[in-house]
Amino acid sequence: EPARTMAIVNQHAVTSWVGIARLFAVVLSCLAFSLVASTRDFWSSSGTWCMFTWCFCFAVTLLVLVLELLELYPKLPLSWDDFTSAFSMLAALMVFTTSVVFPSTFISSPCSGSKCARQAVATTASCLCFLAYALEVGLTRAKPGDISSFLSTVPGLLKVFEAYVACLIFSLLDTYSKPGLQWCVAVYSICFIITFLIIVFTVGRCLAYLPFPLEKVMVGYNALALMMYITATVLWPLYSFKGTNRPDGCGRNCWWDRHLGVTFLTIFNLIAYLVDLVYSTRMVFIRTP
């Protein structure tokens, strides 16, 4: 009798707490984009971003579940733990942003009618989806002293946060003709490129081929990025708002509001790089028994 090949099914992929969190994320993201699609009112830049976020997170999380359920992920040429940790952090940040942008853009007060009800339920599903991804981040975060998966450590998760905040900054940039503002844009760009390359090299298992001690170089880079962001935190509001007030009748896409948003996001990344420097220094120079 010919031998039969049985597909390996890893039930732990959907019965563990991480698997359950991913199942909830799949269901909730699907519910969110389905309800919004039924309203046929999302054809703006904000609406397109929200729909992309829910669809992207749904598709990738479903793919992760299938690959772990069938135990196919070891055949992929990447660090699976680093990939899933980075994606869950990115998904949490994207869904959180969407959960704020969508209701502020599309839900008006007073809210009435079937369309508004579907938008409200979609917003609730999006908020719960963010909690599901945040739970996954918490469950998969590396324990103190465990650096087998860099992107699951606090410095690794902060790298994803720093890159995402830089992307938000780029989305708000419009005019930066003054030299001080151009320096700030250079800071955002340089730090984003290096941070993004660190994430890509980590997921692609390329860090071992680098001809220098990466951990110590990472500490030096975090210190340099912190100093660069300190200058941007000072120069951006100085050159953007010196001698100017918010113009009267400034609409939703007012340049003043966009520059204010860049100011706050710059401060967020400054704090992130500071915490990153502290944690990476402890990981390199203070070994946990």
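Every residue, even glycine, has its Cβ placed from backbone N, Cα and C.
As annotated by TrEMBL, domain 'MARVEL' applies to 13-145 (among others).
Sequence annotations record features per position, and here TrEMBL assigns domain 'MARVEL' to 150-285 (among others).
Tertiary proximity for the transmembrane segment (20-37) is limited to same-chain residues at least six positions away from its ends with a CB under 8 Å from its CB atoms, namely 14, 47, 50-51, 54-55, 57-58, 61-62, 64-65, 91, 95, 102, 118-119, 121-123, 125-126, 128-129, 132-133, 135-136, 139. The transmembrane segment annotation in TrEMBL covers 20-37 (among others).
Look at TrEMBL and you will find 49-67 (among others) tagged as transmembrane segment. Taking Cβ pairs closer than 8 Å, the transmembrane segment (49-67) reaches residues 13-14, 19, 22-23, 25-26, 29-30, 32-33, 36-37, 42, 73, 76, 84, 87, 91, 94-95, 97-98, 101-102, 126, 129, 133 in its own chain, all 6 or more past its ends.
Residues annotated as transmembrane segment in TrEMBL: 87-107 (among others).
What TrEMBL lists as transmembrane segment is 119-135 (among others).
Taken from TrEMBL, the feature transmembrane segment covers 147-173 (among others). Long-range contacts of the transmembrane segment (147-173) within its own chain (CB-CB distance under 8 A, at least 6 residues past either end) are made by residues 79, 81-83, 85-86, 89-90, 93-94, 97, 137, 140-141, 185, 188, 191-192, 195-196, 198-199, 202-203, 207, 218, 222, 258-259, 261-262, 265-266, 268-269, 272-273, 275-276, 279-280, 283.
Remote same-chain partners of the transmembrane segment (185-212), defined as residues 6 or more beyond its termini with a Cβ less than 8 Å from a stretch Cβ, comprise 77-79, 82-83, 86, 150-151, 156, 159-160, 162-163, 166-167, 169-170, 173, 176, 218, 221, 225, 228-229, 231-232, 266, 269, 273. Marked as transmembrane segment by TrEMBL: 185-212 (among others).
TrEMBL lists 218-239 (among others) with the feature transmembrane segment. Cβ atoms under 8 Å from those of the transmembrane segment (218-239) belong to residues 155, 178, 180-181, 183-184, 187-188, 190-191, 194-195, 198, 259, 262-263, 266-267, 269-270, 273-274, 276-277, 280-281, 284 of the same chain, restricted to positions at least 6 beyond its ends.
Residues annotated as transmembrane segment in TrEMBL: 260-279 (among others).
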